Amino acid sequence: MSLRSNKLLVAAVIFTVVTFGLLLTSSIFNNKTTTSLTYGGILPKFGQRIIEKKSNEEYIIEKIEHTQKDGEDVRSTRYLTHHSYLLRNLAKMEVKHHGKDFSINDICYKPHNAIFETTFAPENIDKLPNYLQRLILEAQRLSPCLIVTPLNCYHDSYRIHSEMSKWNTSNVTNFLNRKLRNSYIDAIGESEERPYIKSTYGPDLIKEWAHLMFKLPSKQTSSFSKKDLSSKIELWLSSIESKTNLTELGRPSEVDNYFDICTSMQQVHDFDERKRKFGLYDDDDEFLIGLDCVENKTKFIEWIQERELRGVSKPFNPNQQCDGIFKNSEGLEFFYGTRSFGNNTAPFDKMKTEIGLMTPEQILTTMLHSDFVNGFESIWTIERAQELLDDFRLAIRQEVKRFNENRSSLKIGIDTRVVQREESNETELEISSNLDSVVYFILFIRCVLLIFFAFFAWSVNPLRSAVMFLVRDALTSLLFSILCKSDGQIELNSELLGYIILLTIVNTYLTTRVSWYKDRNETCIQRAKDFPSRSNFSLLFSIDSLRENCDSRQLQYALAKLSKYLTALDTYSTETFMQLPNYWPFISILFVPITGCYWYFVDINLPKISVVLLPSFIVATIEQRQVEKSLLKERKAKKEFQKVQKKKMEKFLSDGAVDRLLSGNSESVEDKKLYKSKDCVIHKESAGRLYELSRSSYDVSKIMAYPNQRVRDFRFDALGCYFWLMKLKSAGILLYGSAVLFVLLSVAVMLIPIQRTSLQKDMNNEVYFGFSINNMSSDWANINKNLHAFNSEIDSIQSLQTISNWKKGFDRFEGRFYKNSSRISDANDYVEWMNQEPINWSVMAPLTRISPKFGIPSPFKFRFRYQIEVNNNESEVIDTVQRIDTLLTKYKGTLSSPIVDGVLYEYYHGNAAVWNSFVFNELLASGILSAFFALIVVIFSITPSISSVLIFSFFVIGSRLEIAAVISLFSLDNQQLYTDSAVLVGFLVAWAPFYELSLFRRRLLYKLKTRCTPELSSGKRIRPPFTKAVDTAQVFAIVLAASLIIAVVAGVVPEFQKFFWPTVILIVVQLVAFGNSIAVLVATNQMFEREVRNFLDNEFELGNGTTAGQVCHMAQKLIPPKYDIPIPMNDFHIRPTNMSKFYAPPPAKKRAKQTNNETDPEKKEDEPGTSNANNVSQEEAAHRLAILPWHFVLGGIPVDLTTRSDQIINGPFIGISSDAMRTHEINSELEDQDDYSSESSVEDVESDPAPEEEIKYHEENMLHMIEKVQKDAAEKEAKEKVHQVESAQRRAPNFDDPNVAGPSHRYQRNEERISTDIVPADPPREIPANPVPPPTHVLVQRAPRPHEMPPVIDRTIPRDPRTEPPNLQECIQQNDDPSLPPHPRRHQYPDHYGRAMISYCEDVYWTYNDGRLPPNVAMPPRPFDWHYRRVAPPEDFNYVPPPGQPSIPIPAEAMALREERARAHREQEQRDNSQSPSPSPEPGL
């Protein structure tokens, strides 16, 4: 098969090229900002990246908040002590990384290290002597971490820093002492003086060993002096000393602080508020009434000491400094005490703490320096540093989680949490802390889908389909891991969850599609023939044998065969119009710029989406290609086998084997082998030397092997609705016109201004102003002036509070050291400030390190840190964000475009920016995708028209626009995920039915090599194919049912409740996509009809006859009456001009007993002329009339003599119409078989008709009887009718029961029947004076039988191939093999039926009950087998009962009667044998 014919393979090639092109382009753009490339292995590591690394970051802040659930004031000893327990737990926490234990002291940010950084450049530290490097390294390790906590106002913070930096830990300090002593001994060499310092306090060891080391002689360098280093050590030691004005948390405060507490208490007049704020008791109100803080000072101090101060809060002044061991930080806003408290439900019910951590770059620098000093070969990389940082951040969260579960936390009602730095982590379904629930939910979704599709879609081979589903998942995971990792890692976030959802949708759809494709091709009914049949009549002739009133089982059989045939026709067809256009390679080049535009302007993650979908698509292509190749190979082998069998048969007929067989001689071994080798005829030999037919290709048990009746019923209902939609005219225009209106309305909704934001209290409210200024040194004065003006305007915003601003700290430094206000500042003053106050400089550290030698670098990068005060006033926050935006615009030129980031700011600013541009982005994306889908239609939908391209593209894009409108209306997050899912689902739902319609349209319009069908004239209607539409409806129903269950579970299970609304949105996506797909089908079908009518009117003059009208009758078989959706035949444009021909096997003809009025049996009935026509009419009348005894009718339901008077025959016969028969349900026994037993009370339906004179006589007599009984019958009409209907329904046979004879089907059979229900006898009537003899028989009239119907097309006239379709019999007879012997059952069929036609009628489906049928569905019998099922089997007189007593006692009289019958039977056999002639001795006769 050429590449042009395999459209799926072409699509896979294009998809692969586009995907790898996008990956290459994105990698090129990403590498422009990459400085170095390192090899990190093929497979990535999956982890939870807590934050995305922000470039230009001085240090990382981890925020921890304590919230009192009852709204109590947390500024008390009780809650502060509880907070100290958490910090101590964090200080003791260790993380194992690459086989080594690390503590938080190893990765925390330490401002005191700036004391040494301002003295030595990194390249100069390595030039120091080894003992001095060791001294600096150990001093840096003992430096306290940057922790902003209310405990810094108390001496308790030193205890926490001591535990964190291990100042007093004996084993650590002993090891520190040995390391310093060893480095000192190495420096002095072979000397007898080996000092030893006895101390267990780390700073004292640094002080003593530094005093000894500075006495050692060393080479003088120009970069440093021992005096400078000694001063730095002294500065470091003084910076970590305890402040003198700090008190212990559990001790009474100083006397001055008591006065402040008393004053604060008196300012609160409400005792309840005072009690809540200061933690007082009920009996304290009496003491505080009339208290004077000045006169009663001593009394108040004694009272508060008695209260032990633990239950009384210590108020924090607004500017109180909680700097702890950070000296020389006066006026530094970073350590303001009010920053440590906040409010959630009540004032001061929240306590805040900040812990500074090093960035990965700083960790890498520290670890490399440590390994260098220790003499180790360092293996640290930036990736390992990032891993260590992430491990610690996760460990902090785990520790906080355990701390919340402590008994003390539960007792005092404290809830502790770690504040996320990024907004994305708040909206990522909290993956970092709830990874287990996300994983479980994903597994739950996939398990539910697998179960549903295994039971309701993959019924033929669910194990194979499930395995291929998992194989696609595995290949996708592998390819995604290799191509889409970032820094050797794949982050588990909402973006990855979206990829999994898209993969699940596509993988499920493709698995189902390939499963059905494989099963239908394997059971194709036309596998042995050469495909394709070049006439579009092949779409219709396989259901020409359907009757209008056939049961649903026959309909299902025909539809299954048609579905298989259509699949095979699309698979193996080599017609030119089904191939891709010659210019498809040039058109496919347009995919590259289209996808590139979408990637660049709309979604930068398009390469990852393509990688997720590519493996499933390629595997599906490979599977389908393998199915095609295997079946083509099988067809080729079967043809070769048929040729060999034909030669064998010719040899078999010519070598005398048939003569030997017919002569009665036993078969030879070679003959038996020959019989068994003919697999197409003989399957296996039974015990009685009878041979069973093998399963032919007509067996539809596999294609119909749905798991239960409900699936089959759903497909029938879907097909009926499909036909109902396709026949709409004006209503169809209204339907897809409404869909167009909804799409346009969605665009209008997105333009409506909506208040989209709501105040987010839990968001990180910090704002960072980032600057990058060139030539800072040369333009210092002007830039400082602009910075001063910028700070003034920032300070004017009341809701912004300063946290760190190096410009303010530098101005304070200049004010203290340079009293002259007129002095002009320069860049050297900044370097001086850095040397004088290194800790303050480090806390407010710029992003770029200052070198004393080279001065301020260019560009000079720094950040200002502020905080937005959130006071439950959203309008104030929005106003602050707007003023910040205005300020940035104002200083865009003078300060080199400062950049602002922050969670709360970005939330409000981003919402405004995103929603303002949301409409533009969606319209741009819709325009690009419409071009993409139009290109798909142009290449793959077989020469489409412009209208079809616009229809398909518009409605598929409409799904995205409608979901975008919902997102805009409700301000939903994860917009890209929902819109991508909408456009993908919309394409999958609409493409397959649309493609099938396009293919059918192209077959009809193929002018040169395809004949035109007369049923498609301008006044008639196209019957579109339905297989893909029903398949799509089934897949959609399964996915929707599974989604509803998932939504219910997500709403009930607490761990999954966060996924409830996303699941609901995905359900809405499915409904919207399905609605638009219906609009696509209706609009496309009506467009195709107009196009085909115009073409046919212009090209041909069409005739009238047709056999395709029966296609229209399928609709009325598919919708049950309870739905009340009438689809009458008259509503369809295609109408049959004559009755269709039914090719079911006719019953064997048996001569009835001749009467005196019967014609001579030797008279030729085939003689043409009037007499022959009369014979035919009489024969048809005999088939449609049956004579029943009158007592049979009286035993059932009486004839309605009031409403059916025109159909009643006078005299002893009564005629019953087919409508009445349909109500009474007994006609199944009249139509089943013509050969009835002589003992039956019903005469043979093939008996001769009654003479016309006799019928006329009875009609006249019957009129008199009608006049007498009509009055009485009218009075009881209503009551009897109700009783008749109820009785018929109550006693109707259950054909779904396999023990009841008759076909199993869903709906009431549309056949004429008479009920045998017994009803109460009528009350006695008055006997008339001249009574009319009662009727003795009933004349029943029924519909003609299939073999009684006249031919649809008169074949006495040569067929016009342009206007007349081929006959089914002609299609089958042309494949008849004349070399084969006659069929064994030829006596049951007309004489003109060949072997092929009889084989077609002798379908294994009707013959053997060995097909795979669903439960509770009985195999219907062959039409000819009704006779054998109705009569009792012959009695076996040679039967020997088994030993033992029977379970049911048999009377002796019954056994005697049986013996008498057996004796009579044996005597009769002896008489028959004695009278039979002797066999002829001649062989072969």
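Numbering starts at 1 and runs along the chain as it is shown here.
Placed from the backbone N, Cα and C atoms, the Cβ positions cover glycine too.
The region 'Disordered' annotation in Swiss-Prot covers 1143-1175 (among others).
Swiss-Prot lists 1228-1252 (among others) with the feature region 'Disordered'.
Residues or ranges marked as region 'Disordered' by Swiss-Prot: 1275-1306 (among others).
Marked as region 'Disordered' by Swiss-Prot: 1348-1384 (among others).
Summarising the annotation, Swiss-Prot assigns region 'MX regulatory domain' to 1401-1422 and lists similarity to another entry as the type of evidence.
Marked as region 'Disordered' by Swiss-Prot: 1442-1485 (among others).
According to Swiss-Prot, the feature signal peptide maps to 1-28, an assignment based on sequence analysis. Cβ atoms under 8 Å from those of the signal peptide (1-28) belong to residues 483, 574, 578-580, 582, 584, 588, 591-592, 595-596, 599, 604, 606-607, 610-611, 613-614, 617-618, 620-621, 624-625, 628, 939-940 of the same chain, restricted to positions at least 6 beyond its ends.
The transmembrane segment feature in Swiss-Prot is assigned to 438-458 (among others); the stated evidence is sequence analysis. Residues 429, 431, 464-466, 469, 492, 497, 500, 504, 508, 511-512, 515-516, 706-707, 711, 1034-1035, 1038-1039, 1041-1042, 1045-1046, 1049-1050, 1055-1056, 1059 of the same chain lie 6+ residues outside the transmembrane segment (438-458) yet bring a C-beta within less than 8 angstroms of a C-beta in it.
Under the heading transmembrane segment, Swiss-Prot lists 490-510 (among others).
Outside the transmembrane segment (584-604) by six or more residues, the chain places 4, 10, 14, 17-18, 21-22, 25-26, 921, 924-925, 928-929, 931-932, 935, 938-939, 976, 980 with a CB less than 8 A from a CB of the stretch. Sequence annotations record features per position, and here Swiss-Prot assigns transmembrane segment to 584-604 (among others).
The transmembrane segment annotation in Swiss-Prot covers 732-752 (among others) and rests on sequence analysis.
Only residues 6 or more beyond the boundaries of the transmembrane segment (923-943), in the same chain, are considered here, and those with a CB under 8 A from a CB of the stretch are 7, 10-11, 577-578, 580-581, 584, 587-588, 590-591, 594-595, 597-598, 601-603, 747, 949-950, 952-954, 956-957, 960-961, 979, 983, 987, 994-995, 998-999, 1002. Here Swiss-Prot flags 923-943 (among others) as transmembrane segment, drawing on sequence analysis.
Residues or ranges marked as transmembrane segment by Swiss-Prot: 950-970 (among others).
Positions annotated as transmembrane segment by Swiss-Prot, on the basis of sequence analysis: 980-1000 (among others). Within the same chain, residues 498, 501-502, 505-506, 509, 513, 539, 570, 578, 603, 609, 929, 933, 937, 940-942, 944, 948, 952, 955-960, 962-964, 1022, 1024-1025, 1027-1029, 1031-1032, 1036, 1066, 1069-1070, 1072-1074, 1076-1077, 1080-1081, 1084-1085, 1088 sit at least 6 positions outside the transmembrane segment (980-1000) and bring their C-beta atoms closer than 8 Å to a C-beta of that stretch.
Per Swiss-Prot, transmembrane segment is recorded for 1033-1053 (among others). Beyond the ends of the transmembrane segment (1033-1053), by six or more residues, the same chain brings 441, 444-445, 448-449, 452-453, 456-457, 505, 508-509, 512, 711, 714-715, 718, 722, 989, 1059-1060, 1063-1064, 1066-1067, 1070-1071, 1074 to within a C-beta distance below 8 angstroms of the stretch.
Residues or ranges marked as transmembrane segment by Swiss-Prot on the basis of sequence analysis: 1063-1083 (among others). Sequence-remote contacts of a segment are chain residues at least 6 beyond its ends whose Cβ falls under 8 Å from one of its Cβ atoms, and for the transmembrane segment (1063-1083) they are 501, 722, 725-726, 728, 732, 735-736, 739-740, 951-952, 955-956, 958-959, 962-963, 966, 972, 978, 981-982, 985-986, 988-990, 993-994, 997, 1029, 1032, 1036, 1039-1040, 1043-1044, 1046-1047, 1050.
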What average pLDDT is reported by the model for the region 'MX regulatory domain' (1401-1422)?
52
